[in-house]
Each structure stands twice: as structure tokens, then as C-alpha cells.
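Visitor: Okay, these came from TrEMBL:
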- Gly171, Arg172, Ser173, Thr236: NADP(+) binding site (BINDING)
- 3-118: domain 'Tetrahydrofolate dehydrogenase/cyclohydrolase catalytic' (DOMAIN)
- 145-283: domain 'Tetrahydrofolate dehydrogenase/cyclohydrolase NAD(P)-binding' (DOMAIN)
Amino acid sequence: MILEGRTLAAQIRESLPRRAEAVCQKLGRPIKLCAIGSTEDYGAYVYLKKEVEAARKLGVETQVFEINNQTPAAEFLALVEKLSADDKTDAILIPRPLPDHLAATDFADRLAPQKDIDGMSNINTGNLFLCKTWPEIQALKGFVACTAMAVIRLLTYHHVALEGAEAAVIGRSITVGRPLAHLLTCQNATVKICHTKTDLPRALKDADLVCSAAGTPGLIEADWLRPGTTVVDISTNWHNDSLCGDADPEKLQARGISYSPVPGGVGPVTLAVLLENIILSGERKLKENK
């Protein structure tokens, strides 16, 4: 089975223009997204512009602030605080990677959780890891990392059983690996987090589900996995003049392994979840104002 994501993404996005318009009418202005993006990583910055343009097409007002290796930490932190306090800014997006000296700051402490649409503030992260069950996740008033949530929604859409499943997550970043592992735990999967020191063939041999966010083309060998395993390939790598994930889809398919394609798998769903969170930030603002 191929776990394509474009159909699910279209379903998520279908109602967003109507919801955005409803918020605009009640607020008396469009929902406003402010993004702070580093120009040092060309690929990430191009993708940020794509996200911003997709939001703009929904009727969202957008503003992008550029940062780089020369941006003073104090200036970056002041901007985060200013946008967090600004009543007319509803959503804030700060995609990683950030320049090292900015990533090392306490910006995540200063980011307003109700505007933090990618779940990177310390409050949103902490609240996520306090949850034990899926109903608790659903009741969160903040946001969860978009890519991690997109993986769960993609698996649910394709009816992949998670309760009782043996799951392996490759990658332990705070943006994808760790939040995804926790979401899977809240779905009652038994989760193993893998990293650069993990013996992958041994770790994956009994897995029902493998979610890879390592960013290493060819990392996962199909013969490490049992037929019937599901592989969610989260990585987007540029290799041999084309986009690819961490596994070879042809080899997976030949072994009877279900997989999400790259591109066309997790990526479209992640963007749809991000756009949904932007609209949700405006809807929550309305509730606050009542």
C-alpha cells in the first residue's frame, strides 16, 4: 500500500477558505501570520515562502521577517516578544534550522503558545509531553508540531493500526522525532526512538511501523524489515538530482512493505496541518474576545 498524502491534504484544506472568511468577518480583519525565517538555509527559506504564499491564498495577511548569521540575538528575541504581544498578530511561525547563536537563545520561552502554530514554544512542548492519552492530546489548547501530527493523521487516514503496534522512530529532534514518538505512545503504540548510535537492523527487524526523519538517503534497507511493515518516510532529501526520502520505495514495494512516497506523502499533509493551525489561531482569538 502506498500512503499518499495529497488526497488527505486536500480534504483538510477544503474548509479552510470558508473558516478564514468567517474569522475575518467576526474579527473585522484578516487572520495575520508573522514568520521569522533564516535566509542561511536556502531550501528551508524557499519552503517557508511556499507556506506563506499558501496562507495568503486563504485570505491570511502575512509578514515575513528575515534573519541570518549576522542578526543580533537581542534583536531576534525582541522581535519574538513584540510579535507575541501584538494583538493583531494571530499566528507566529519560526521554522528551523536557525543560525546557531539564535537557536541557543531562550526564544521558545518568549514565544506566545496561543500563536505558536508549529508547537515549538516550551509551554506547548511541555503540555504535549504531559499528555498520556489521545483524548488529552485532542484537548490541548496549544499546538503540536505540524509534521508529527501530520504523520498521525496520515496513518489514521490509511487505517494503519497503531494500538499495540511496535513502532520505531528514527530521529530524536524536538521538531519531529520526539513529539512524534510521544504522539504514537498516546495512540498506545510501543515506541523505540532510534538515533546515530542505534543498531538499526536489530532495532527495526520486529517493527510494525517505522517513521524515519533522519535526512539520509538510502539509510533504511528493505531487507531489514518484515513484509507487512509500514514505513513513513518523513525526510525530504535532494539526491542524484531528485527528491527522495530515507528509503528506496521500489525495494520496499518489492518486499511487500507499505510506505509513504517522497514527495507526495507526509509533506502535503504537513502543509495542510500548518494552514489549519493558522486558521485555528484566529478562531481561538475570537473565543478569547468573547
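Including glycine, each Cβ sits where the backbone N, Cα and C put it.
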Visitor: So how far apart do the NADP(+) binders Gly171, Arg172, Ser173, Thr236 get, largest Cα to Cα in Å?
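Guide: Max span of the NADP(+) binding residues, Cα based, is 16 Å.
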Visitor: Looking only at the domain 'Tetrahydrofolate dehydrogenase/cyclohydrolase NAD(P)-binding' (145-283), how are its residues distributed among DSSP helix, strand and coil?
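Guide: Secondary-structure composition of the domain 'Tetrahydrofolate dehydrogenase/cyclohydrolase NAD(P)-binding' (145-283): 54 helix, 28 strand, 57 coil.
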Visitor: Counting across all protein chains present, how many other Cβ atoms fall within 10 Å of the Cβ of Thr236 (NADP(+) binding site)?
Guide: 18
Visitor: Take the Cβ of Ser173 (NADP(+) binding site) and count every other Cβ within 10 Å, whichever protein chain it belongs to.
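Guide: Excluding its own Cβ, Ser173 (NADP(+) binding site) sees 16 Cβ atoms within 10 Å.
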Visitor: Could you count the residues of the domain 'Tetrahydrofolate dehydrogenase/cyclohydrolase catalytic' (3-118) that DSSP puts in helix, in strand and in coil?
Guide: 58 helix, 18 strand, 40 coil
Visitor: Taking 10 A as the limit, how many CB atoms besides its own sit near the CB of Arg172 (NADP(+) binding site)?
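Guide: Around the Cβ of Arg172 (NADP(+) binding site), 17 other Cβ atoms lie within 10 Å.
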Visitor: Would you report the average pLDDT that the model assigns to the domain 'Tetrahydrofolate dehydrogenase/cyclohydrolase NAD(P)-binding' (145-283)?
Guide: 96
Visitor: What are the sequence-distant neighbours of Gly171 (NADP(+) binding site), meaning same chain, six or more residues apart, C-beta distance under 8 angstroms?
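Guide: Counting only residues 6 or more apart in sequence, the Cβ neighbours of Gly171 (NADP(+) binding site) under 8 Å are Gly177, Cys194, His195, Ser212, Ala213, Ala214, Gly215, Ile234.
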